[in-house]
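**Student:** Annotations per TrEMBL:
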type     : residues : note
TRANSMEM : 28-49    : transmembrane segment
TRANSMEM : 61-83    : transmembrane segment
TRANSMEM : 103-120  : transmembrane segment
TRANSMEM : 181-200  : transmembrane segment
TRANSMEM : 206-226  : transmembrane segment
TRANSMEM : 238-265  : transmembrane segment
TRANSMEM : 277-298  : transmembrane segment
TRANSMEM : 319-337  : transmembrane segment
Amino acid sequence: MASCATGTEAAIRAAACRDGDAASHLKLISVLVIFLTSVFGISGPVLLARYFHGKPLYDKAVLVIKCFAAGVILSTSLVHVLPEAFESLADCQVSSRHPWKDFPFAGLVTLIGVITALLVDLTASEHMGHGGSGGGMEYIPVGEAVGGLEMKEGKFGADLEIQERNEEEIVKMKQRLVSQVLEIGIIFHSVIIGVTMGMSQNQCTIRPLIAALSFHQIFEGLGLGGCIAQAGFRAGTVVYMCLMFAVTTPLGIVLGMMIFAATGYDDQNPNALIMEGLLGSLSSGILIYMALVDLIALDFFHNKMLTTAGDSGSKLKKLCFVALVLGSASMSLLALWA
């Protein structure tokens with residue numbers, strides 16, 4: 001966060017760090033490094049899921065990866081994105097102006113993000129419900145069912161099979177929707193990171209950011225990749241989604257460099273801070289909703305493998321909880337550097 005009143009020593013240190021040529025060189029290196037780490041992060045869970053597909057532990061392995069992913073995404077939203085959004089709008093260059101000093105806009109836009117994600121979820125669920133309504137079991141009156149059980153048995157079994165197929169298809173459609181909305185939220189966040197770094201002319205800030213953002217992209221990629229792996233997309237869609245995630249931050253860096261070249265705005269310009277704060281708040285709201293409702297609550301309270309009574313269900317639930325904590329902790333730890 002920029003300070004409105006800096007001491008002489010701090011001003012001299014800041015001036016020494018502001019080197020446009022050195023900063024541009026570092027940013028070009030970061031484009032390649034961040035692209036490669038993003039590819040590594042997001043492709044890991046997808047390739048593992050392909051390798052284990054059809055093997056006895058496949059469903060359990062994908063579920064554990066997804067719980068780790070949920071922890072990463074929840075931590076991303078609450079520890080990284082939301083504090084940065086509040087910090088941008090609380091900067092003295094912004095908070096001294098109307099209307100930014102009169103109302104907590106970061107919280108409001110986060111709320112809008114949550115409600116928007118809920119609206120998308122409700123609309124899609126209603127559409128999927130109508131789509132699957134024609135495949136349910138045919139109603140058989142009790143008298144007819146008892147009197148002609150043998151006659152109905154074959155039809156009844158076929159109807160049950162059709163209903164199970166429809167339920168599985170609805171679950172897959174839901175998982176695909178979750179993956180797509182998550183990618184939208186993460187792309188918002190990645191664009192903000194990239195543009196902010198691209199506009200910065202401070203080489204002292206950029207140098208440690210390259211390493212920190214590389215790890216950041218690996219963990220965020222693991223999170224999104226875990227969700228993509230479970231959704232069962234076609235190969236072409238998987239490649240497209242992975243590529244979109246991998247190129248967003250590097251393209252954001254290039255866009256930030258272009259914005260600075262065209263306008264002279266750096267990452268401490270009030271207009272840049274306002275845009276960063278608003279987009280970050282919206283992204284945070286989407287990610288909070290998706291992590292809590294569509295990942296954590298859906299798996300821990302509605303997944304058959306975790307709600308089944310017995311030792312196997314209990315052990316898997318504990319393993320998934322540990323994966324969730326590890327995902328949250330690993331991403332939270334990165335907040336020390338990025």
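Each Cβ is built from the backbone N, Cα and C atoms, and glycine gets one as well.
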**Student:** Taking contact to mean three or more C-beta pairs under 8 angstroms, with sequence separation of 6 or more, is the transmembrane segment (28-49) in contact with the transmembrane segment (206-226)?
**Tutor:** yes
**Student:** Grab the same-chain neighbours of the transmembrane segment (61-83) for me: Cβ-Cβ under 8 Å, and only residues 6 or more beyond its ends, written as numbers and ranges.
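**Tutor:** Answer is 45, 48-49, 52, 106, 110, 182, 185-186, 189, 216, 219-220, 222-227, 229-230, 280-281, 283-284, 287-288, 290-292, 295-296, 299, 303, 305-306, 316, 319-321, 323-332, 334-335, 338.
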**Student:** Going through 103-120, 206-226, 238-265 one by one, which has the most CB pairs that fall under 8 Å from the transmembrane segment (277-298)?
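**Tutor:** Comparing 103-120, 206-226, 238-265: 103-120 has the most Cβ pairs near the transmembrane segment (277-298).
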**Student:** Where else in the chain does the transmembrane segment (103-120) make close Cβ contacts, counting only residues six or more beyond its ends and a cut-off under 8 Å?
**Tutor:** 82, 85-86, 88-90, 177, 181, 185, 277-278, 280-286, 288-290, 293
